[in-house]
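Annotated features in TrEMBL:
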{"type": "ACT_SITE", "residues": "D11", "note": "active site, nucleophile"}
{"type": "ACT_SITE", "residues": "D13", "note": "active site, proton donor"}
{"type": "BINDING", "residues": "D11, D13, D177", "note": "Mg(2+) binding site"}
{"type": "BINDING", "residues": "D22, D101", "note": "substrate binding site"}
Amino acid sequence: MLKKRFLFIFDFDNTIVDDNTDTYIWKLLPEGHKSLPPQFEKEKHWNKVMRKVLQFYYHNDISVQQVKTCLQEMELTQGFRELMNFIRKNKDQIECIIASDSNTFFIDSILEKQDLKDVFDKIFTNPVQIIDDMEISIFPYHKNECESTCPRNMCKKTILLDNYQFNNYEKVCYFGDGKNDYCPGTILRKEDIIFVRKGYGLEKLIKQKDLECEKVYFESGIDCINRLENLQL
Ligand SMILES: [Mg+2]
Ligand SMILES: [Zn+2]
């Protein structure tokens, strides 16, 4: 296989899609609760909260198909259709992956609906088991010892270090919005670029403690394309 010059890494929630998949499906809770009913609130590990929500759906006959249909209403972030097409056009030079704390079922449902499966070479996220077409069960991606603010079930820096050698690429581009995108940002080199969604947690963290790589702040995927067009792809 021909070596690719660029590695593109995408977060999913609030980066590719314009909302959070985990909280989006709370719409299916009784009376369309905007926040979680009290029985879920005591749990402080996010992973466990989601497990409980999905168990609640199972016990209340909210089907896997309903969850899927709900997720498939979600929209891409502004300009990301164009950004995905830009990557497609240059796929011979770009290795493209997702690293997300969502899960395989949520991400696959959306990529399928948005016809984006061909854009990504690999997806690193929490695995899911669908039991008897009835119950969705999410499992932690891994356990990690990261001392940054990463959740216990996922450190994206660890994922990248375990699976990729940045030195094999001319440039690494990381696209993200959230707090858990800061830790992988710390291993980006001077020649790499982090694309940071304006107005979200990652932007604040970078303002507090700068990263070594180039920073591009975006509101739309078009802002990202404008920077990428200068890469001589
Ligand atoms: Mg995110
Ligand atoms: Zn970490």
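Quick reminder: no glycine exception, Cβ is built from N, Cα and C everywhere.
All TrEMBL annotations are machine predictions without curation.
Using a 10 Å Cα-Cα cut-off around D177 (Mg(2+) binding site), the recorded positions D11, D13, D22, D101 reduce to D11, D13.
Neighbour density for D177 (Mg(2+) binding site): within 10 A of its CB lie 24 other CB atoms from the protein chains shown. Residue pair the residue listed as 'active site, nucleophile' / D101 (substrate binding site) shows a Cα separation of 8 Å. For the pair formed by D22 (substrate binding site) and D13 (active site, proton donor), distance between Cα atoms is given as 9 Å, rounded to the nearest Å. For the recorded positions D11, D101, the greatest number of Cβ atoms within 10 Å around a candidate Cβ is found at D101. The Mg(2+) site, placed at the center of the C-beta atoms of D11, D13, D177, has further neighbours from the same chain whose C-beta lies within 8 angstroms: F12, N14, T15, I16, N20, S100, G176, G178, D181, R197, Y200. D13 (active site, proton donor) has a Cβ environment of 22 other Cβ atoms inside 10 Å. Counting every protein chain shown, 19 other Cβ atoms lie within 10 Å of the Cβ of D22 (substrate binding site).
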